[in-house]
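Chemist: As annotated by TrEMBL, NADP(+) binding site applies to B:LEU25, B:GLY26, B:ALA27, B:GLY28, B:THR29, B:VAL30, B:GLY31, B:ALA32. Look at TrEMBL and you will find B:LYS119 tagged as NADPH binding site. Feature annotation from TrEMBL assigns L-homoserine binding site to B:GLU204. If you look up TrEMBL, you'll see B:LYS219 marked as active site, proton donor. As annotated by TrEMBL, domain 'ACT' applies to B:367-444.
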Protein chains: 2
Amino acid sequence: MSQTASQSPAVPDPSTLPALRVAVLGAGTVGAEVLRLIAQQGDDLAHRIGGRLEVIGISVRDRSKDRGEHVPAALLTDDPSALVREADLVIEVMGGIEPARSLLLEAMAHGASVVTANKALLAQDGAALYEAADDHGVDLYFEAAVAGAIPLVRPVRESLAGDRIQRVLGIVNGTTNYILDAMTRTGLGFQEALTSAQELGYAEADPTADIEGHDAAAKASILASLAFHSRVRLADVHCEGITDVSAQDIAAAARMGRTIKLLSIVERIEEENGERISARVYPALIPHTHPLASVSEAYNAVFIEADAAGSLMFYGQGAGGAPTASAIMGDVVSAARARVRGGVGPRESRYAELELIPLEELRSAFYVSLTVQDRPGVLAEIAGTLSGHGISISTIHQELIDSGADGQEGRAHIGIATHRALESAMTASLDMFSSTATVLSIDSVLRIEGE
Amino acid sequence: MSQTASQSPAVPDPSTLPALRVAVLGAGTVGAEVLRLIAQQGDDLAHRIGGRLEVIGISVRDRSKDRGEHVPAALLTDDPSALVREADLVIEVMGGIEPARSLLLEAMAHGASVVTANKALLAQDGAALYEAADDHGVDLYFEAAVAGAIPLVRPVRESLAGDRIQRVLGIVNGTTNYILDAMTRTGLGFQEALTSAQELGYAEADPTADIEGHDAAAKASILASLAFHSRVRLADVHCEGITDVSAQDIAAAARMGRTIKLLSIVERIEEENGERISARVYPALIPHTHPLASVSEAYNAVFIEADAAGSLMFYGQGAGGAPTASAIMGDVVSAARARVRGGVGPRESRYAELELIPLEELRSAFYVSLTVQDRPGVLAEIAGTLSGHGISISTIHQELIDSGADGQEGRAHIGIATHRALESAMTASLDMFSSTATVLSIDSVLRIEGE
């Protein structure tokens, strides 16, 4: 098989290519992997960029800590502000809102392009970052902020830029997927599964951001902003975590041929007088046959539905040092190419400014689990309350808990799956259940998706 | 939920944005969909680009044919050469090598950026197109040439540009997947399944490019070039089609818990003295549990394995007017943005110039189906031939065809799955089978992948 090298223009010696000064903010797991990739692929990256990446400093809180061979002590600094002012490119992997936000604004004001994995910052104050990038003619890239190594930001804001996205639905938090998957496989309760995930390094010591859905909500806000050309902030995303999902819910879902996943859903809703959008995160029952049902452990997977493209699915590792670093380095190459060759990357696109639809105006199918008095007429009362609010039942499962003794009343469990109904109608039904003696407790209310 | 529109800078009136002159070459299914998207999304596209797309002409062979409302007769021309000289952006969806090649070179020489879906042209003469883009400082985009609506070119050449891709393995031809899927579901033979696919519009009247694997091979050459930063042309891709896959092969695969798919595989192979690459297309047995096994009908799915990112999967519609048009329009927006804002898109990256490994030096697992004499010692002879060439057997299945009558010798079928072995060793074994009286016929030789 002949090669064309001899006829082609010579490949330049990478050492002759112009240098780009790179500042790295943060040297945790992801930062160390970014530095490893830069060190190990130096010449490759230089060829791909048309310029050499020269790491001029790595800002850390503790300069005395040994961080391995790819994080040279000589480059460590505790003055990130001085560092970013000298850089052409700033890679931010420190996380948190401050000082990350101020440092990135300062970096852009001094002419640096920025690559960040900071979903919380983007979700909370992305507008300020976008505006700074615009004002100073620099680039802002953030592929690593959503779904780790899976290319998602770029497909949404570039590949599908000529299409009309209707919906993005996916599993974008690996920790909660690991926990729910463990509960499904083993029958464990939430707390036991969380503890096991923490022991295995899949959940952090303080798991709040993951298990309460905040991390998935931040990603939903980023995806919604890109998909619908509107500003959607973290506060705009309806967010429910997985802490209330019980072993009983998982078992009930399985009985109905479904499994429970924490879903991030952003959606365009066409209405008579135009359109609104929705961004929400909650645990939901999906059919076993749905491709997302088989996404196991800490993997992420995302569906995108667009008018012309149809359904697309993306699957891969959503977290971890190396996968996140891969996404960051793709952005670094893009930003660096633009430095060398001129031009700017995609800007914020928010011309549509679509309004968010309040949750109560959405329509969903529900799974409701109740503990009720075990006596004739209870089922009719429950069904009557639902139908009185325009909610029709798709399946119902009743099971005796105890038949009562010593003058105590018997108790039964009722699990109901409904057809799609207004959220406000379900809220009103639940209010009635709360105030009737028939219903002893409302154990779970979960949505059903992906039918 | 409040919106920030009031505090934000005003969104510009799209009619005030600069115009970009767009020429469309070809107005078949894809061309008509591209024109529909431009017409229906005019203002949206203008906002996303920062400029208006103005279609200045559509070149067709037959101007008299009615092509529907989105292909206005007034814009039709049979002088594509004059048309491309006036354009800022040329969308090529005519297909074929000439005159597409000359027109795109002419367009770029006159300063137009090019978006093409022409996989055959790229695979055969991509270098000439890349060089023209370089010489004239224009962009060359071709997302639609591989896997239709699935973002694949952009992820490989941009998202993973900071990583090291080891392997791309996938189903990138919908027609052959439809045929193999139909054979698997129904037990039909190849010819019947092809006829049914043609009746349903999944295969063309002349299906050669699909069923012989040429289309998949063109896509493999494009993916290999991008993934390995080397020039890989169509002629460099080892290509076997699906015309010899029989109902018996599908049944034998099923017995072994496997299904047969036409795979495009491009791979980096690390060796003692460096590395070489492989690009190949052939029907192969994959386990039922492999995610590609469940890709049905005309869908496409592609796995990418990269050092840092790990395994990624992409899934969606690989062909059809609207999905292909979606991919084209993403490229159009990118090329148009660069026109308005300055800068150039990714260039050809072929600095690595890796050599291709000849097929005979590759190692694969095989499935071999033989008709043999039914007599003692045959199995030992077959196994001995294979082991004499260093090939070890993983499973073997023997079945009597007929026990012989009227002095005729009995015949048996032997199906053998091997462990990984050199292609050259298998070729040598097959040569011996051809020359021994024991083996009456070699019915099939297929590779086993995805284990």
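In case you wondered, yes, glycine gets a Cβ from its N, Cα and C as well.
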Chemist: Can you list, in sequence order, the residues of the same chain other than B:LEU25, B:GLY26, B:ALA27, B:GLY28, B:THR29, B:VAL30, B:GLY31, B:ALA32 whose CB lies within 8 Å of the CB centroid of the NADP(+) site?
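Modeler: These residues sit around the NADP(+) site: B:VAL24, B:GLU33, B:VAL34, B:LEU35, B:VAL93, B:MET94.
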Chemist: Give the helix, strand or coil assignment DSSP yields for B:GLY26 (NADP(+) binding site).
Modeler: coil
Chemist: What is the total of other Cβ atoms whose distance to the Cβ of B:LEU25 (NADP(+) binding site) is within 10 Å?
Modeler: 27
Chemist: Of the recorded positions B:LYS119, B:GLU204, B:LYS219, which one sits closest to B:GLY28 (NADP(+) binding site) when you measure Cα to Cα?
Modeler: B:GLU204
Chemist: What whole-number Å value do you get for the CA-CA distance of B:ALA32 (NADP(+) binding site) and the residue listed as 'active site, proton donor'?
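Modeler: Cα-Cα distance, B:ALA32 (NADP(+) binding site) to the residue listed as 'active site, proton donor': 23 Å.
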Chemist: Please list the DSSP helix, strand and coil residue counts for the domain 'ACT' (B:367-444).
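Modeler: Helix/strand/coil tally for the domain 'ACT' (B:367-444): 24 helix, 33 strand, 21 coil.
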Chemist: Distance check, please: Cα of the residue listed as 'NADPH binding site' against Cα of the residue listed as 'L-homoserine binding site', rounded to an integer number of angstrom.
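Modeler: Here the two Cα atoms lie 17 Å apart.
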Chemist: Do any residues at least six apart in sequence from B:LYS219 (active site, proton donor), in the same chain, have a Cβ closer than 8 Å to its Cβ, and if so which, in order?
Modeler: B:LYS119, B:ALA123, B:ALA145, B:VAL146, B:ALA147, B:VAL172, B:ASN173, B:SER264
Chemist: How many Å separate the Cα atoms of B:GLU204 (L-homoserine binding site) and B:THR29 (NADP(+) binding site)?
Modeler: 13
Chemist: Restricting to the chain of B:ALA27 (NADP(+) binding site) and a gap of 6 or more, list residues whose Cβ falls under 8 Å of its Cβ, or answer none.
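Modeler: Looking at Cβ-Cβ distances below 8 Å from B:ALA27 (NADP(+) binding site), excluding near sequence neighbours, one finds B:LEU35, B:ILE58, B:SER59, B:VAL60, B:ARG67, B:VAL71, B:LEU76, B:VAL93.
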Chemist: Give the number of CB atoms, excluding that of B:THR29 (NADP(+) binding site) itself, located within 10 Å of its CB.
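Modeler: Cβ-Cβ neighbours of B:THR29 (NADP(+) binding site) within 10 Å number 15.
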Chemist: Sort B:LYS219 (active site, proton donor) into helix, strand or coil using the DSSP assignment.
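Modeler: Helix, per DSSP.
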Chemist: Looking only at B:GLY26, B:GLY28, which of these binding-site residues has the biggest number of Cβ atoms within 10 Å around its Cβ?
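Modeler: Counting Cβ neighbours within 10 Å, the top one is B:GLY26.
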Chemist: Given a 10 Å Cβ-Cβ cut-off, pick out the one of the binding-site residues B:VAL30, B:ALA32 that has the most other Cβ atoms nearby.
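Modeler: When each Cβ's neighbours within 10 Å are tallied, B:VAL30 tops the list.
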